[in-house]
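TrEMBL lists GLU353 with the feature active site, proton donor. Annotated active site per TrEMBL: HIS384, LYS512, in sequence order.
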Amino acid sequence: MERIRHTQAWATLETLSTSVKRQHMRDWFANDKNRAAKYTTSACGITLDYSKNRITEDVLTALFELAEQRQVSEKITAMFSGEIINTTEHRAVLHTALRNFSGEPVMVDGEDVMPSVFATLDKMKAFTESVQSGAHKGCTGKSIKKVVCIGIGGSFLGPKIVTEALKSHQNKALDVRFVANVDACHIHDVLSECDYKETLFVMSSKSFSTQETLQNTLTAKAWFLQQGATEADIAKHFVAVSSNVKAATEFGMAAENVFPMADWVGGRYSLWSAIGLPICLAIGFDNFRQVLQGAYEMDVHTQTTPFASNLPVILAVLGVWYRNFMGAQSHVLLPYYHYLRGFPAYVQQLDMESNGKSTTLNGLTVDHGTGPIIWGSEGTNGQHSFHQLIHQSNLPIPADFMLPIKVPNQDNTHHAMLASNCFGQTQAMMQGKTFEECYQDLADQDLSDKERSILAAHKTMPGNKPSNTLLFDQLDPKTMGALVALYEHKVLIQGAIWDLNSFDQWGVELGKVLGNDVLDVIKGAKDNEHLDASTAALIAQFNRG
Ligand SMILES: O=P(O)(O)OC[C@H]1O[C@](O)(CO)[C@@H](O)[C@@H]1O
């Protein structure tokens, strides 16, 4: 593929950015009463208002042209049809097959994968129903009350944030907990609240080789046996999700307790697979099915909607505009919904592990910015913290605000305040407050002209800070599925534009290898002579205690 900087659309966008940098959104809104309506579009229960962005019609047209020139439509088709688009691992990328309700086959290596997808869903449904109904008994005949889910990265974040976001759909009789960190504090804290007779452990690891997950499971198993259970009892209390069924059974999992996942499901794209078992246990299979349905509808939207009203395409090209032409290095996610507070961390992994790369598909070093730093937290908390920097620093930070219109157990007083803060922030970021307005506000204060000017300068808000606002009719299971799929496809499209492989993660591997080497030195199984002086000294100090 041609270098992106050599494309016609890139040159057009560079020229446009020089002119846009001199303009203010405040004036665009003042001069065009139709701007909000023009730049608002809806699909799958999500309304996107992208009018508060530093874009003109010319910019949008050029961005869509860039997407065309980078063969975004072809990349979307290639992914959905099972082409080997994860070229460095020689894998298809087919998380979309896990929510394919079209009735159409999805072929991998000449075989339709849909029968195995549905078989796994049936197994998840049967298991979920037997645990939720109390039919699945623990080793002493008691029903399961607590589920401890052990996994990390993609085998943890997706199930955790979806379960959290859908709290109002949770089965109150089952307490579902997640443990990821290898720091013993976490697993021991959770175990200290468990009764082994009523606890089910779900160990999720695609590779079945991840250090943190293996160690946490060993610790859980040792605790289980110390409580008085026997090896024979393990089958009733431990299940696993993995694509490496052999390793799972060798580890001691009963074969019938292993929920399989396919090789073509990437870790950070896997909540739709058996990795979603904790979601089923928490909210019930029918609600999980709705999560899949919402994602499926977003898949159809993405494949069939012209760029100008295609939600993932719009989010993706706006991100490219800020990253490559307007100097942005980060992108902030601001869910104004407490139950969606984990979403920034989820998208952080999804986006940064996918597009945090600087090598093109052909192995060349990129000469342009790629995936931004993704960060954020729930509103309104951030307003009393980092929003100061968004409003008044000179760092350009595009933001995605998110708000459900209806919430469970709606308390109108609180929800109106939450919404007013969300909208008020996007307004403040867009319009800002001029020096003259701030100076005028200080008219009745007893200040010298110099003092008044200095204070007005400090209070001046530049505005012109871009944001998208995503409104959900309500954040039900279906909309949650659509929301996650929306960001998945945004990442795919940006990766296509930047000519990256968004589906491998070689950058995490070296740390794993060196971590294991250091562990051998800490344990005395290896000497430290091959280490650099800094690492050797740190280990020595650690070992002195
Ligand atoms: O499911 P596994 O194989 O335990 O891997 C966990 C996570 O580790 C990573 O490979 C990163 O280290 C993620 O991509 C993955 O989701």
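Including glycine, each Cβ sits where the backbone N, Cα and C put it.
Bear in mind that TrEMBL entries carry predicted annotations, made automatically and left uncurated.
Structural mapping of features recorded in TrEMBL.
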| residue | record | contacts (Cβ under 8 Å, 6+ apart) |
| --- | --- | --- |
| GLU353 | active site, proton donor | GLY153, ARG268, GLN505, VAL508 |
| HIS384 | active site | none |
| LYS512 | active site | GLN211 |
